[in-house]
Structures are given as C-alpha cells and as structure tokens.
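Participant: The [4Fe-4S] cluster binding site annotation in Swiss-Prot covers 434, 440, 479, 483. The siroheme binding site annotation in Swiss-Prot covers 483.
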C-alpha cells in the first residue's frame, strides 16, 4: 500500500442509517422482545430486522418458493439463520448431541451447516423457535452473541491436530480474545434467557454505544498452515513458537474480501504486517486495534467502512502508531514465519500427545442424512461414544479430536458405515462454497448447490490432461460479499446473476495473493471452456511443484494484484 495519499482520520458527513439504528436501539434491545410476541408475521419488523443480527441471527426466506407464495398473496416464508459463537471451532460431544436434536426437531431443513468461520449454523428456524434455540445453546454453555453485524465475530484458530500443545495454547488465546471483545450489553441475556433487567446503565468500554462501523474478523494462526485464511480477516495473530511453546504473535491487520460489483471504491485486500508482540500484550493490542477502527472507521458509508479501507485512508504507519499508543507498546520487527498450505489433512493424524485425530471431509459443510450416506446420524453416533471433542475447521470439515488408540477402530467403523470416510479427489477436498440459494437473501447465483457437479467437471478436465491427483484451490461465492472466500482462491467464481459468474484467477495455494478478474459475467460452459484450455497448458508447461495460480501469473495469463487499492480493478 502507499503512504502518499493519507486522508482524514475521521470521515465527516451524514452518518449512515445503521448508525441511527444502533444509537436508538438501547444497547441492541430495540423492540425485539415485543416483536417476538407478534404472531401476525413470521418475521421481525423495522429496526429489529437488522438488530437481531447482533444476536447472531439473520432473517431469511426460502427463495425457491418466494414467487409461488407471492402469487398466493402470502408473505415470504420467513425463517431465521442462527450462527453460534464457537472460538476456534471446538465443540464438546454433549453440545453436539444437543444441536443435532434441535436441528432435527426445530428447523425447516433439518441440517447442521458447518461454516468456513469454524462454527455451525442452523437454517430455517421459525419465529416461535427463536427463543428456544438461544435457551438450548445456553443450557449447554454456548451462545450466538456477536456472530454477525458490527462486532468482533467468531474468532478463528488453526485446527492443527498434530501440534497438540501449541494448538491448546493458541486456542486458549482465541477464547480470551473472543471474550475480551464481546459486547457488555445485557440485552442478549434479558431477551433470550429471561434474565431480569438490572438497574445499572449499560456501558460498552471497548465497542462503544454504536459498536463498530462494520463487521470485524479475527484469527489466531499457527504456521505453516494458513487453514483459517488470515488475509480474509481484519486482525490476525500469527503464532510464534520457540521449542514448541508459544512466545508471542506477529500482528497482521486489514485483510478483507467483500466488494460490490462495479464499485471501484471497493476491493479485496490482504492484511498488512504491523510487527511482533510478546504474549502478555495480546489483549491490549487486540483492544487497541478494535478501538482505533471504532473511532476512525467510516460511519458515513458502510461499503467503505471496514478496517482495510481505514488503513488505506489514514496510512499504515499512522494506524500502527495509534495502536502502539493505545496499547502502550512498541512493536518489535516481524519474526520469520511461512505458510506451506491451507487445506485440511483428511483422515487419521497422530498428535505428539499420542492421541489420534480423524479429519472428515464434509462437502460444503452440510451435515444431513443423504440417501445411502447418513452423515448426520453417523456423527451423532460418534458423539455418543467419543470422549474427546469435535473441531470444526475453516474449510468446513470436522475433526474427531483426541481419540485414544483403544477407541480408534470403533470410531472408524462408525464413520465408514455412515459414509463419512468415502474417498474423494484432492480437487474436491480443496473446493468450497458459501450457502447462497435458497436461503441467503443476497445470493445472485448458486454456490453450495452448484459446486458438487461443477467439481465433477473440473475433475474430468484434470483427468483428461493426465493430472487426476492434482488440485486447484477453487471457491464459489454466490455474491460479491465473498463468504465463500473466492477472492483468495486460485479459481474464484463470484455470482453475478442466475447461472452467471465473474471468473477470477491468479491467487495461490497458500492464500496470500488476491486473484484478478479474468472474465466477467460468464456461464458455466464458458467457464469450463476457459479452464479446460488453461489447465491443459498448466499440465504441460508448469514447473516442478508449481500450483495453477502461480502458473497463470508466471505465464502472463493474468497480472498479479499487487496493491489492491490501486490495481484490483485494472
């Protein structure tokens, strides 16, 4: 990025309506409690439609039947998505059994959706079941607070089953950061858990009365794995270890992938290195980054409000100096680190603690009983006998963690009998999509329902060119908000309209480069024609170990994005 054009620290102007809503909400209460009792509509009205997001929910409807219901003069079939707060993706088997039962008994779709933010979502919760879902989560020690809207969202942590001691330390920090940055309002407990109102005034010492200007995402990452895709996140703590023990973090700030089609003020951006900090300063630094973004982020234009834009406007050195001032530290020079991959190691891995860990590939994270593959039942049966925990990965897979040797055969038998260990290609293991249709209101094109058959066709191209065991990191996202993280893929498809996508190429396998748009608004046959030609060239012309994305850059097929604020749209 450039320091040549620093802008104002605070953007003056008329505040966005979201700022009015937050200010008037009485610390996120609004009239949600009253709205719950309105049986005339299946949805939430007015500001409450947006306020429920702070409580971990989005109001959606089934877009497959929207037109049909409109023709019948019925309102859309409103139902809520709920996203759990689950730092590092760790969930106990007792908790898993509770969420399995709720999904079966109280959701329209009956599924559990693992997400690439290391948590799970329920889709299709009717309004009458909204309060019960929060109470169910609370009863097993979980909540949905701050998993959506203008807060620090679910904190990610590398799912490294081999480095068990290091993972345990990093996971503890992910939990501490998550807890430290949580909102302090009692609105969640009052509305959902029926806790009595306390006479004291609410205060938000970190987030402030109007919370953050926009969503904020945090990771703790253990090199050499970049499984959590740090460059998609606002604030990243890269673990630095000595003799297998965590000693501190490198801090990287200002990553983010969401854009708006045709809006050249928006761009995907990788995170910038700030420096190294010893462990004892972690929470102070996390708070300083968040409060600097709170005070300097753009509250007049939500499309330009994320940390990545603040960093570009004020300049990296200015932002970094303010974080140092607020945290009371000076960053040390970045310590050496490198990434070698970001996919999950599917199958059994033995940890240095001699426990076994079984990583199960879950296509698109959708846990459901399919014909001949009862995945949901299989995981429930494993949860009933497993003494360790489950870990949800940022690749939408699931790890059965900490399995003793004596239980290994029994758990493998259950997994195999329920279709949880069916062999899949390396290409399928490295392909991912967001939910999109039918539930996401922002979806422009299919993603989760499109990817499996599209992957079949890409597998056929690899087979045709004699490289069936190769893989290309491939992501499909249904709209430019980018939940599928296509903007860090070697092949990224971004939904433009039904059946049409923008094709991005030139990312790399380790997730440190933004791909550039190669072709705009094209159909699946056009995409496959382009990929067929380019994969053929890659198979013939690549250098030893060269990934597809690196090849497209070296061969001059695509220019690399070097400074997204300046050249993302070129």
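Here the Cβ of each residue, glycine as well, is placed from N, Cα and C on the backbone.
Relative to the rest of the structure, where do these features sit?
Facilitator: The number of other CB atoms found within 10 A of the CB of residue 440 ([4Fe-4S] cluster binding site), across every protein chain shown, is 22. In three-state terms derived from DSSP, residue 440 ([4Fe-4S] cluster binding site) belongs to neither a helical nor a strand segment and is classed as coil.
Neighbour list (residue 483 ([4Fe-4S] cluster binding site), Cβ cut-off 8 Å, at least 6 residues apart, same chain): 116, 434, 435, 477. The DSSP secondary structure for residue 483 ([4Fe-4S] cluster binding site) is coil.
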Participant: If you count the C-beta atoms lying within 10 Å of each candidate's C-beta, which of the binding-site residues 434, 479 ends up with the smallest number?
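Facilitator: Each of the binding-site residues 434, 479 was scored by Cβ atoms within 10 Å; lowest is 479.
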